Amino acid sequence: MATIHVAHMSFVFGLLGNIVSFLVYLAPSPTFYRICKRKSTEEFQSLPYSVALFSAMLTLYYAFLKTSALLLITINCIGIAIESIYLAMYMIYAPGRAKIYTAKLLTLFNVGFFGLIMLFTSPIRESSLRLTAVGWICAIVSVCVYASPLSVMAPNILGFGFGTAQMILYTIYKDKKKDILPEFKLQDVPNGTAENGKTEKTETLNETKDSTVK
């Protein structure tokens with residue numbers, strides 16, 4: 001009875017997990033509705049969706065290695081389909097450079113990395129060891145899925161650093177007394193200096209006039 005109860009609880013929580021994962025896959029749908037409506041990807045990036053597709057493919061591979069993983073197979077097949085639709089829509093409306101960048105990401109993650117993982121884990125004869133290795137890789141990639149949207153912060157990191165330094169400097173020097181420079185007035189100039197300057201200018205003008213007349 002205890003075994004049946006645990007099995008039922010495992011199925012229930014697995015089903016709830018699939019529902020939550022499905023909602024997570026649907027979360028970017030307003031973004032792509034906006035892309036389709038405006039026919040432009042604007043400032044959106046394809047990196048989070050490429051990594052999510054890679055994670056779904058990798059978890060599906062893990063589910064095939066693991067026995068009795070119908071729930072994992074189901075949700076990850078759905079995830080692969082949804083992320084593929086997102087990326088297809090992105091490729092339609094993205095500018096040329098963004099399309100090339102997205103194609104490179106898909107080649108890197110979904111062909112390169114995924115192929116290497118299958119190549120290096122398939123020869124492992126002990127199924128439990130292979131399952132553990134793939135499971136750890138899936139866990140790491142899942143963390144990367146949630147960290148990938150932070151890529152949009154990269155251009156602002158330098159500005160954040162400069163802004164922080166500016167506030168620190170302001171806090172340090174805001175109470176410092178300002179050194180007031182003495183005012184320089186024309187009356188303070190010796191009369192001889194001003195008169196000499198006027199005389200030199202007058203002589204220069206007279207010489208210019210004489211040369212013109214000649």
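Backbone N, Cα and C atoms are what each Cβ position is placed from, and that goes for glycine too.
Predicted automatically and left uncurated, TrEMBL annotations should be read as such.
Going by TrEMBL, these are the annotated features:
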COMPBIAS  197-214  compositional bias 'Basic and acidic residues'
REGION    188-214  region 'Disordered'
TRANSMEM  6-26  transmembrane segment
TRANSMEM  47-64  transmembrane segment
TRANSMEM  70-93  transmembrane segment
TRANSMEM  105-122  transmembrane segment
Checking 47-64, 70-93, 105-122 against the transmembrane segment (6-26) for Cβ pairs under 8 Å, the most are found for 70-93
With Cβ-Cβ distances below 8 Å as the criterion, list the same-chain residues six or more beyond the ends of the transmembrane segment (47-64) that contact it, or say none.
25, 28, 72-73, 76-77, 79-80, 83-84, 86-87, 90, 102, 105-106, 109-110, 113-114, 117-118, 131, 134-135, 137-138, 141-142, 144-145, 148-149, 151
